[in-house]
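A quick write-up on the structure given underneath.
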Amino acid sequence: MTTKKGSYQVWHTDTYGLPGSVDKQTSFSPDSGHIGDNDSRAELAEDFGWTEEEREQWGNKAEFILSCVGLSVGLGNVWRFPYLAYANGGAAFLIAYIILQLLIGKPMYFMELVMGQYSGSGPTKVWRMNPAAKGIGVSMCMISLIVSIYYNIIMAYTLYYFFASMQETLPWTQCSEEWIRDYNCVSKYEPSPAPCTLNMTQNQELGKCSCTGNSTIDNSSLPFNMSCTPKIVGTSSAELYFYQEVIQISSGMEPSSMGAPLYRIVLCLILSWTVVVVCLIKGIKSSGKVVYFTATFPYVILLILLVRGSLLDGAKEGVEYFIIPEWKKLADLQVWVAAAGQMFFSLGVSFGGIIMFGSYNKFTNKVYSDSLLISLTDMITSIIAGFVVFTAFGGMAKATGRKVSEVAKSGYGMAFVVYPEALSNLPPSQLWSVLFFFMLFTLGLDSEFGMLETVITCIQDEFPKLKKYKTYICIGLSCACFLMALPCTCPGGDYVVTIMDHYGSDFALLIVSCFEVISVMWVYGAMRFLKDIQYMLGSRPHGWPYWVFCWTVTAPLLIGLMFLYRMVQYKPPSYSDGTPYPHFAQSIGWTLLSLVLCPIPLGLIWRLIQSFSNPSVTTFKSRLHFLFSPSTDWGPNDKSARKIRNEAKISDDLSMEKLSYDNATVIQASPEKIV
């Protein structure tokens, strides 16, 4: 079976004995029918008449690895992972996290990298493999856009603290008169004396003791001219600095309470977006160079802080609190849901960034080992960050006479309240503070690159003529994101960020990821996907039954169950006192979620409408084929295979069905080699 030129032989079988991709030992020319490594892509393009524009590629493998690590390892690794581990049973949470990594995280990370590298397409164009599911890619793009908007707000906070750390006295270590009067501000906690007892001799030896609340015990020392010391209840200056000075948080998110943008936060936000634009203005050609620093510098600081924190008195207690398991927590579904949420945010699965980064790879890149390395690095980084945070917490708890559980806070409090307070006890405190917040900024910078580049790639893939205007797109998109983020810089902006995070990314990710893995593995086909991997890499991945099982069973099943659990146990975002956000705010959140998810059904409906206008679609079976079968322009990002595909379209004796171009294998035109 030959093409018109008679120079190629196309062979496809339903068995899994594919010979792999083009033999690199042979040479190729239009006359000899061979492809060689010495032929340049430009020469081959000229010989074959390819019309598709060449996609830019990573300068080298290190840029790809570091960019993926930078996307996965972000600000959440420093405060979100340690706090979730503390709040959900320490090592029990780690066990749940590792199990979900193996059953969902790693398989989906590998799947998305393969999708991008095999097709050479971004999150929207890759769905030529299943045209009815294109809305999934649009939803991924929207999630990345929403996260990139509020993510830069947090990066602006890190810049604020970075510059504030350069003062002679760290500003969060001092109490103003107003804070002392209104909030009983405490600049530094003092260790509380031991509780009083009925043993008078022991009380006298203590000199002073803490009141227990038991009148008999507390009054027993009065005849000896001793009185118990009441426990001081106050608010730390670090907490007041963040909430009252930096973000100046309002009492609520009603329009009357939102306030105007805070100019210092706005200036930091402008600086943050400027850095992002400068680093991303040339796409991966510029960001690929920046990640050499931004993806490695945080590890240097983390290791320095880990060593310094390990030397603190009380560090052991902090580490024990982090790693000693509460085994009964493993039976709590909330622990598994929390671990799953951290896994999605940490790895970046279903954001579209993994597909986008993979699309800039060379077709034969060994993506299997890359996916394992990157996902393992992300997990190890989270654990290291946990040790860094809890050694510092243990030292602070020892110095202030409190428990480790009393110094740990959720959310921003981990990075902007507790850690600044801990850093103030490490001489020279200014140096450690500058290094820590610069590290936080570089951590966030890599993730911001990935999310914004995902949106830009989607735009360029859908409108190829805009590729030459990439610089203007990057600047224009960044300016638009800055303007949309201005409400987040107001005193009520913290609540806006929570709404965007809870509805625009947290909830949406579970739904999108479930549709994604079903659309690829159950509609496109897991075994077809496996053949694509074999064609691209020359062999099936090691332990391929495990990957197929995770793709087809554990990933969609567990994600679906976790989503149902979230819906049944749904709790709306709430203020610090536990009061739920007002109904209008929740309505805005549900509207945002609907906007993010609506492309999924709309994409299916649009494809269905197209089927009725296609004259070749006349039966129910043909309509299903039109909806869910790969489109005619779907194929590997391998120019030799695309050449065969294009010739097959005009061949008299080779149909597209016989070619099965999504798994095409090209071999030398010799009948005796067909086995």
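Backbone N, Cα and C define each Cβ position, glycine as well.
A TrEMBL annotation is a machine prediction, not a hand-curated record.
What TrEMBL annotates here:
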| type | residues | note |
| --- | --- | --- |
| BINDING | Gly70, Val73, Asn77, Ser346, Leu443, Asp446, Ser447 | Na(+) binding site |
| DISULFID | Cys175-Cys185 | disulfide bond |
| TRANSMEM | 85-105 | transmembrane segment |
| TRANSMEM | 135-163 | transmembrane segment |
| TRANSMEM | 262-281 | transmembrane segment |
| TRANSMEM | 290-311 | transmembrane segment |
| TRANSMEM | 335-360 | transmembrane segment |
| TRANSMEM | 372-393 | transmembrane segment |
| TRANSMEM | 469-487 | transmembrane segment |
| TRANSMEM | 507-525 | transmembrane segment |
| TRANSMEM | 546-568 | transmembrane segment |
| TRANSMEM | 588-609 | transmembrane segment |
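Shown on the structure are the features that TrEMBL records.
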residue	record	Cβ contacts under 8 Å, 6 or more apart
Gly70	Na(+) binding site	Val291, Thr294, Ala295, Leu445, Asp446, Ser447, Phe449, Gly450
Val73	Na(+) binding site	Ala295, Pro298, Ser346, Thr377, Asp378, Thr381, Leu443, Asp446, Ser447
Asn77	Na(+) binding site	Ser346, Asp378, Thr381, Ser382, Ala385, Leu443
Cys175	disulfide bond	Cys185, Val186, Ser187, Ser237, Leu240
Among the ranges 85-105, 290-311, 372-393, the one whose Cβ pairs under 8 Å to the transmembrane segment (546-568) are most numerous: 85-105
Contact yes or no, the transmembrane segment (135-163) and the transmembrane segment (335-360), 3+ Cβ pairs under 8 Å, gap 6+: yes
Lowest local Cβ density among Cys185, Leu443, which the record lists as recorded positions, within 10 Å: Cys185
Folded-back contacts onto the transmembrane segment (85-105), same chain, C-beta under 8 angstroms, at least six residues removed: 321-330, 332, 334-336, 338-340, 342-344, 347, 349, 375, 379, 382-383, 386, 390, 404-405, 408, 410, 550, 554-555, 558-559
For the transmembrane segment (469-487): best-contacting stretch of 262-281, 290-311, 335-360, 507-525, 588-609, by Cβ pairs under 8 Å: 262-281
Contact check, the transmembrane segment (335-360) vs the transmembrane segment (507-525), 3+ Cβ pairs under 8 Å, seq sep 6+: yes
Residues close to Na(+) site centre defined by Gly70, Val73, Asn77, Ser346, Leu443, Asp446, Ser447, Cβ within 8 Å: Val69, Leu71, Ser72, Gly74, Leu75, Gly76, Pro298, Asp378, Thr381, Gly444
The transmembrane segment (290-311) versus listed stretches 262-281, 372-393, 507-525, 588-609: most Cβ pairs under 8 Å: 372-393
Neighbour-count leader, CB within 10 A, binding-site residues: Ser346, Ser447: Ser447
